[in-house]
Amino acid sequence: MESYNRRGSGAISPAAIEHYRSNSPSGSERRKLSYHPTGEWEPPITTFEEPTGTSEVSKAKRILQVGVAVIYCLLAAGIVFGYAAIKPVLVEEGVYRDKCTQAELDEGVWVCYEQELRLNLMFTVAAVSTNVAALPIGTVLDRYGPRIASIVGTFFLTLGALFFAFAEDVPFDAYIPAYLFLALGGPFVFISSFQLSNTFPQHSGLILALLTGAFDTSSAVFLMYRLIYQRTNGWFTPKKFFLIYLIVPVFILAVQLFVMPAQSYKTAGELVNAPESPAPAEAIFTNDHSDEPATSETTTLLNTNPADKPQPAQQQQQQQQHPHTPKPNSVWGALHGKSALQQILTPWFLLIALFTAIQMTRINYFVATIRTQYTYLLHSPALAARINSFFDVALPLGGVAAVPLIGALLDHTSTTFVLGLLVTIATTIGVLGVIPDSMGAAYANVVLFVLYRPLYYTAVSDYSAKVFGFETFGKVYGLIICGAGLFNFVQQGLDALTHRRFGGDPVPVNTGLGGVALGVGLGLVGFVGRRSWGVGRRSWGVGREVEGASGAVGEVEDGHRTNGRA
């Protein structure tokens, strides 16, 4: 023990001792002493499907899987949010024109009041469904894996394309269910791809940013269609487009069957905590000391040669591969290990859920009404059309441009900083969105909006993964998005309020939403800032104590081996 006392500051602290005790195997799980010279470990025989670790799949295939996921998310994940781009096509095709009064038809308005409400309802139902579906999607994902969830998504995408293609040939309103099915199919394939952030843990933030960027950029699908529609003077009808679009769900189905993983990738920590039921047969560890800490056992089993103690180079490589070591001012692991019910009853959940609901409503309301808002603010339908056209191009480009920035922010800054940045940008957007007769403010508003949107969506998923963990991610994140989706039904009321109470003036509604969002945002940032410092210090302190204790145990073992050789 003298060598240990020279190494550290003294005895192992009570926290470190308790850590080892709580993680130590007991009963039949304890390792058995053996004199087998090779020190083999006989793995347990289990009946459950083994979780997928990145070491089991080649680097090239993991890169291919991430690339393929980005491609199909680009084509399907959030195409319904290209509503501002396809809306002019639907108006030109006379969709819901029968809702207009004779006076409005005689006046020759571009879109009449009831037609506007009906078209916006189509988008509202789709936006709400996209988010509400996150909860059942999370449940399917947790229970059946990403492959089954994505295949369900291809089914909905196929239905949506078929309903849209034959909407004019059926005796009922097929546009709303068509847009609804497209909205349901997108998140099935999108949320199922989140687990790919575990393919390269050291770049998890960048991978999430790529996927979210693809989600945002998928709105360009309808933009490209509208440009072709206008170039062909209406020859390339919605029916022709959506019949061709059926190629997309076929492609997704093919790659799910032959390229993508059937089960979610797991991090090293999740592999160690792999399914405990049904209980595995007794694991027999041989040629090891029975009092060696469980954390040392984990390190040994993850190494290529379990009989050898990890060398410093190996330890450094493991730290590089798993960089999510808790640090001060970090929210990582704040609620890991707790049940989903325990997690959703905490302020960690309630504040992010409320913040998400308000911000998502603001985002979707702006997407649905940008042209009518700026028609009033700029007092010119022509200038409003220019802003709308700029928005149609900027929305997908913003998703791409924001990817490196989002990846850097999530991988190299604290969650508190990211949330504070979200609140700051959202408040600035709110101010710019109520300035009348200013094209500069309008363009600046659009630019900030298209950069903010992917950052917001990625930050919420990143927060959920860090605070709640992937074990309950599907349910908890799904509930956050589901609640926000249900709250989005207020869009119809806001639309009616703007037209009927305020005569088309969007300033009162935008000001009200912005004020509420600012208040909730400040509350969230304040709470996370205070609590994350405590979480980070505790996790970091225990981690340092365990590392010191592990080093001490290793040195004692070296002493035993040296004495044995002597």
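From the backbone N, Cα and C atoms, a Cβ is placed for every residue, glycine too.
Curation plays no part in TrEMBL annotations; they are all automatic predictions.
The feature transmembrane segment, as given by TrEMBL for the ranges 112-130, 511-529, sits at 511-529. At the 8 Å Cβ cutoff, the transmembrane segment (241-259) and the transmembrane segment (511-529) share fewer than 3 close pairs (sequence separation 6 or more) and do not count as touching. Tallying C-beta pairs under 8 angstroms between the transmembrane segment (387-410) and each of 63-86, 206-229, 348-367, 472-491, 511-529 places 206-229 first.
For the transmembrane segment (63-86), same-chain residues at least 6 beyond its ends with a Cβ under 8 Å from one of its own Cβ atoms are 123, 126-127, 130, 153, 157, 179, 182-183, 185-187, 189-190, 193, 196, 199-200, 207, 210-211, 214-223, 225-226, 248-249, 251-252, 255, 259-261, 364, 367-368, 370-371, 388, 391-392, 395-396.
The transmembrane segment (206-229) and the transmembrane segment (174-194) are in contact, since at least 3 Cβ pairs between them lie under 8 Å (pairs 6 or more apart in sequence).
With a cut-off of 8 Å between Cβ atoms, the residues of this chain six or more beyond the transmembrane segment (174-194) that come close are 69, 72-73, 76-80, 90, 95-96, 121-123, 125-127, 129-131, 133-134, 137-138, 140-141, 146-147, 149-150, 152-161, 163-164, 166-167, 208, 211, 215, 218, 249, 252, 461, 465, 473-474, 477-478.
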